[in-house]
């Protein structure tokens, strides 16, 4: 290097105890202010900028007098979404420098970048041969020792390559090699500071040699200590083993004394036994430990012969017997065996048999199952029909399998009675007895049912009812927020504190191979991330063709899930992956009508709340008008959860009155406050407050440019949504607001284009092909959908937007008790849409009397909408926009020009 006397460079203090040596590289986080200063320095410099990295002498002291001039290799800015993160600075040192400023006010870690006067060392001369030889000897000894101590082949190869470089390095490059090795070794901080101040090559090699000798000595001493510790551990293990043998001998002697007690003096043995039991703690009971091990062994012996689980259990049991009891591996293997033997394996003799044959033999099985479903749920006829079909198949299949098993057993017995007669002389009759095997067991594959519907419609409780009807154990697994694949498949045994997944845990709790497992909130499973994809892990669980060999990572033995009845619940289908959805049988659960809610409230919710709040049935009665008022004015939902909470509030209010009535009666003997055991409609405002939905009902009135459409919310609930339009001065533009998606925006533009095309026919313009937004005066149309914080999208608002535009431009109004839904085309056709049942029920809850629907959706109304709703609502099915306008505004309300004058191109 050229002898550069002095210079002024930016100085950066390194955090204690970091140090950067020449030829070394370091990456450190820096504060935002320092990062911005360095960023400016990098932008202003045409080449790699140079700064001085100076270490601290102690955590709270000033800078060291020597530092390292380094190139800024990389400067990474924090992401915009998290500006509090620090910058990342990478430096590559290339030479030593000495700081000339001797101010006590030297920069610290928090002082940022400060320009300081520095001095470069003079040009280096080649070191002496003696220094180089000693350096090479010390470095080679250290590298050889490191290569012997490491267990990784890659590190060993690296040490050997560095040793080969040191043997062939020239004298001129020896000082550079010393910088490289000292920067890479784990030395003390003070030694590295002294090495940094060695500007002379001979001095640098001497200090590097001293440091390497010190490291070699420390490594040798550490190795000797580790060997002595291993020897002491082996002695402790031997001592533990001998103590275990001694305890076993003492137990055998105690058993011998107990058996010989009748021959000895009376009273001696009971005294010893009582004294021994009193001194023995329940936590240190070795007999219980032996019983647990015996229980595990008996469960292994009960497993089916030649099965995978038995082979694995036998192999692990033999390993367990070879490992000392105090070893960590002993606890790991025992924990695995406890899990393996706790799973209800299909062929095990200890496993509780499948659905009780006696229950399925009963002729009243299906009748009892229907009664169970009806007692737990009201309505849901389609769901109950599908479940009844499954239960019927289970019963018939079980009876068929029982008959086949009897025939197979009869044929085996017949063979045993024929074959020994031919070979009785050879003494083979005894060898044929074991050939009487258990008949093969065929099971009914459980369907994968997916209940989809709004919250509070009884999806989870349906699973419990199915389990009761089948007489099977019920287990619920909540999948909401599960983001780790290992929670489904389990952790591999190589990890610390590993364990099986939730499926295996549910099987263990159930104790049978055929439980009803409810996978709750399957639509809220986490997406694919660095922990795996939980939804993909469920593909094997929910596939009837694959789940008979389900593989849990912890158990690592195929588990048969084909007998399990899996029931999934979801609020929506949009967030469920396609392959997972393809494996499920979807059953839609829509919202309840007012009649169904009244029945549920009287027969289910009110008795439950009375029991929960300590009131008897005769102590409180809620009138039917009051229940209807709660359902219509205080709750408006697809399910009954809010209705349950409102009824609970009424019952608690009356419970307070009853308690006060009893207290006053007990103290004075005369009741001061009279208790009324009936809740009427006029009392609800004093109990529940002001009705929540009164305001919306009063605001719904006929207005120009306002039409009510039908929507389905993200939770699957139906409802109405006003489409509001106004005209403002402008140049003929359309403005759409309300958090609208691309599809619904296109529907608005499509509706306005249709209205412009037929403006002359609707008597909006005086001549054909005139733009109604520009003649006679220019104006813009602003269309808004309320609830701006809620995202809205879909094509089903086409009819409502068209009617809103026609109402705004013609002045005609659509009655406020009419709602509509349907997609439109440029030709004026009305296409079908989805969610008809939810939308109709939502309109029914909002007291809508007439609904305009596409003609293609009439079959959905006939099959899905309850009969009582069809009886009180009027349905108008339309094929074209003209029919929709006539149905919405009324016949003759719009002044159509004669259609004979309209010539439509057929090209």
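Backbone N, Cα and C atoms are what each Cβ position is placed from, and that goes for glycine too.
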- Ranges 216-254, 255-293, 294-332, 333-371: which does TrEMBL label region 'Disordered'? 255-293
- Task: Starting from the Cβ centroid of 453, 454, 455, 456, 457, 458, 459, 460, the recorded ATP site, name every other residue in that chain with its Cβ within 8 Å, sequence order please.
- Result: 451, 569, 571, 589, 638, 639
- Item | Candidate recorded positions 453, 454, 455, 839, pick with smallest Cα gap to residue 796 (active site) | 839
- Compute the C-alpha separation of residue 455 (ATP binding site) from residue 839 (active site), stating it in Å without decimals. 16
- Query: For residue 457 (ATP binding site), which residues of its chain lie six or more apart in sequence with Cβ-Cβ distance below 8 Å?
  - Reply: 589, 590, 591, 592, 638, 639, 640
- Cα-to-Cα gap, residue 453 (ATP binding site) vs residue 839 (active site), nearest whole Å: 13
- Task: Would you mind checking how many other C-beta atoms are within 10 angstroms of the C-beta on residue 455 (ATP binding site)?
- Result: 16
- Message: If I take the Cα of residue 839 (active site) as reference, which of the binding-site residues 454, 458, 459 has the closest Cα?
- Response: 454
- Least surrounded among the binding-site residues, given as 453, 454, 456, when other CB atoms within 10 Å are counted: 456
- Grab the pLDDT values for the domain 'Lon proteolytic' (701-891) and give me their mean, rounded. 89
- Note on the structure: Neighbour count check, CB within 10 A, over recorded positions 459, 839; minimum at 459
- Item | Cβ neighbours within the same chain of residue 460 (ATP binding site) - under 8 Å, at least six residues apart | 476, 518, 520, 569
